[in-house]
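Quick look at what TrEMBL annotates:
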- 527-549: region 'Disordered' (REGION)
- 20-42: transmembrane segment (TRANSMEM)
- 63-82: transmembrane segment (TRANSMEM)
- 102-126: transmembrane segment (TRANSMEM)
- 138-157: transmembrane segment (TRANSMEM)
- 169-190: transmembrane segment (TRANSMEM)
- 202-220: transmembrane segment (TRANSMEM)
- 274-292: transmembrane segment (TRANSMEM)
- 313-334: transmembrane segment (TRANSMEM)
- 381-401: transmembrane segment (TRANSMEM)
- 422-443: transmembrane segment (TRANSMEM)
- 455-476: transmembrane segment (TRANSMEM)
Amino acid sequence: MEEHMEAGSAPGLGNQRVLINNLADILVIAAYFLLVIGVGLWSMCRTNRGTVGGYFLAGRSMVWWPVGASLFASNIGSGHFVGLAGTGAASGLAVAGFEWNALFVVLLLGWLFAPVYLTAGVITMPQYLRKRFGGHRIRLYLSVLSLFLYIFTKISVDMFSGAVFIQQALGWNIYASVIALLGITMIYTVTGGLAALMYTDTLQTFVILGGAFVLMGYAFHEVGGYSGLFDKYLGAMTSLTVSEDPAVGNISSSCYRPRPDSYHLLRDAVTGDLPWPALLLGLTIVSGWYWCSDQVIVQRCLAGKNLTHIKAGCILCGYLKLMPMFLMVMPGMISRILYPDEVACVVPEVCKRVCGTEVGCSNIAYPRLVVKLMPNGLRGLMLAVMLAALMSSLASIFNSSSTLFTMDIYMRLRPHAGDRELLLVGRLWVVFIVAVSVAWLPVVQAAQGGQLFDYIQAVSSYLAPPVSAVFVLALFVPRVNEKLCTTLHMPSTLLPCALPLLCHCALRLLWPPHPCSITVHSTYPTQASPPPGFQSTAQQGAAGRPGCR
C-alpha cells in the first residue's frame with residue numbers, strides 16, 4: 001500500500017542540513033591540505049623541472065605504482081562520486097559498466113598503444129600524428145579540439161559536481177570555494193610539473209580509497225548489509241507524490257518507482273536505459289578514445305621509466321577500476337533507501353527545496369550520506385576525499401592542456417623557442433585556464449538541473465568515434481595518410497556535434513521539459529491517482545529515474 005503525501009506536508013525537508021563546521025572536521029581538512037603541500041614540495045625537490053621533458057613528462061622516471069595511481073586519480077574526479085552515486089540511486093547498477101569497461105581498454109593502452117608512442121618519442125598525441133602523417137593540419141585540429149573539450153566539458157563537470165558537494169556539506173559561497181580550490185591546484189601544477197602531480201595523485205588515491213571504504217562500511221551497516229540493499233532498493237520510493245501546483249497534480253508511479261531491472265548490469269537492447277549493445281560495443285569506442293588517445297591519460301604512461309613499469313601501472317589502474325561499483329554506485333543506491341524523500345524526490349517544489357532544482361535530486365545521493373551518516377572528524381575526511389578527487393582531476397587537466405598548447409600550438413608559432421620560454425608559456429597557460437574556469441562557473445551553476453552535465457557527456461560521445469578511428473588507423477593501417485584522416489575526421493566530428501547541439505538548445509529554449517516528463521494529469525483531482533495502468537511512452541522509457549530526466 002503506497003502512501004501519498006502532499007508537498008506542503010514536509011515544509012522543512014530541504015533545510016535539515018548538517019554542515020561540516022566543527023573543530024574535528026576542520027582539523028582533518030587542514031591536515032589533508034598540509035599533507036598535499038608537503039608531498040608537492042618533496043616531489044619538486046626530487047625531479048628536474050628545468051627542462052621540457054622534466055616538467056611535462058617527469059623526466060620519464062616514474063615507476064609503476066605512481067603511474068597506476070595517477071591514471072586512476074586523474075580519471076576519478078568529484079564527478080564520479082556525485083555522478084555515479086546519483087545515477088546508481090536513480091536507476092541501479094548498470095552505470096558501473098562504464099567503470100568495468102575500462103578494465104579491458106586500459107590494458108590495450110599498455111600493450112598496444114603505449115609501445116608505439118614510446119617508440120615515436122613524442123610528448124603529446126597531436127605530436128604523434130604529426131610524426132605519423134608528416135603534416136600539420138590534423139595535429140593542429142586535434143590540439144584545438146582537445147583544448148576545447150578540456151575547458152568546456154571536463155573542467156565544467158568537475159566544477160559542477162564539486163559545487164554540489166560544497167553546497168550540501170559546507171554551505172559556503174560556491175565562487176569563493178571554487179576559486180580557492182583552483183588556486184591551490186594551480187600553484188602545485190605550475191610549480192611542480194607532472195612529477196608533483198603524479199606523486200600527489202598517489203597520495204590522493206590512498207585518501208580517496210580510504211575515505212570511500214569508510215563511508216561504504218557505514219552505509220552498508222545502516223542499510224543491513226548487502227542483502228538489505230537488494231531487499232529494500234526496489235521499495236525505495238518517495239512518499240511525497242502530490243504537487244501543490246494544480247497544473248501538475250498527481251505524478252505517475254512510473255516516475256518514482258525504481259526500475260525493475262535495477263539489479264541488471266546488462267539491460268535489454270530495446271527497453272533498457274543503458275542497452276547491453278551500447279555498453280559492450282559503443283562504450284568501448286568512447287573508452288578507447290579516452291584511455292588510449294587522450295592526453296591526460298597517455299601523458300602518465302609516457303612518464304614511466306620503461307615499458308614494463310607502464311604495463312604494471314595499467315594493470316594496477318585496472319584493478320582499482322573495480323572499486324567504483326562498491327564505493328560509489330552501491331552507496332548511491334543505499335542513499336535512496338535511507339533518504340527517499342530527498343534523493344528520490346519527484347515533486348518539483350520539493351526538489352527545489354532539497355537541492356535547488358526541480359527535475360530531481362539524485363545528484364545529492366553521495367553528499368547526503370556524508371553529511372547525515374558520518375560522525376564528526378569522518379565528515380572532514382570525506383570532504384578531503386572529495387577535494388582530493390576534484391583537485392587531482394583538475395590538476396591533470398591543467399598540466400595536459402598546458403602541454404598541448406605549448407608543444408603543439410605555441411611551438412608552431414615560435415619553432416625556435418628555448419626550454420625556458422616554453423616552460424614560462426606552459427605555466428602562464430595554466431593561469432589562463434584557471435581564469436576561464438572561474439568565468440565558466442556561472443554557466444555550470446545555472447545548469448544544475450542536469451541538462452548541461454548530461455549533454456556534455458553526449459558531446460564527448462559524438463566526438464569520440466572519429467578520434468578513436470584516426471588513432472586506430474594511424475597505428476594499424478600503414479597506407480592511411482593525413483589527407484584521408486583529415487577529410488574523414490573533421491566533417492565526422494563537426495557535423496554530429498554541431499547539429500544536435502543547435503537542435504537541443506533550440507528545443508530546450510522553445511519547449512522546456514516538464515519535470516517528470518509527460519506526467520501532467522490536471523484533469524484528475526489533486527488527491528486522486530491516475531487510472532490504473534496509465535503510462536505514457538515517455539514514462540515507460542524514464543521509469544525509475546527521479547525527475548525522469
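Heads up, the Cβ atoms here are built off N, Cα and C, so glycines get one too.
All annotation found in TrEMBL is predicted automatically rather than curated by experts.
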### Query
For the transmembrane segment (313-334), which partner among 63-82, 102-126, 381-401, 422-443 gives the most CB pairs under 8 Å?
63-82
### Query
Near the transmembrane segment (274-292), which residues from the same chain, at least 6 beyond its ends, have a CB less than 8 A from one of its CBs?
91, 94-95, 97-98, 101-102, 104-106, 108-109, 112-113, 265-268, 298, 460-461, 463-465, 467-468, 471-472
### Close approaches to the transmembrane segment (20-42) from elsewhere in its chain (Cβ under 8 angstroms; 6 or more beyond its ends)
169-171, 184, 188, 191-192, 196, 199-200, 203-204, 207, 371, 376-377, 379-381, 383-384, 387-388, 391
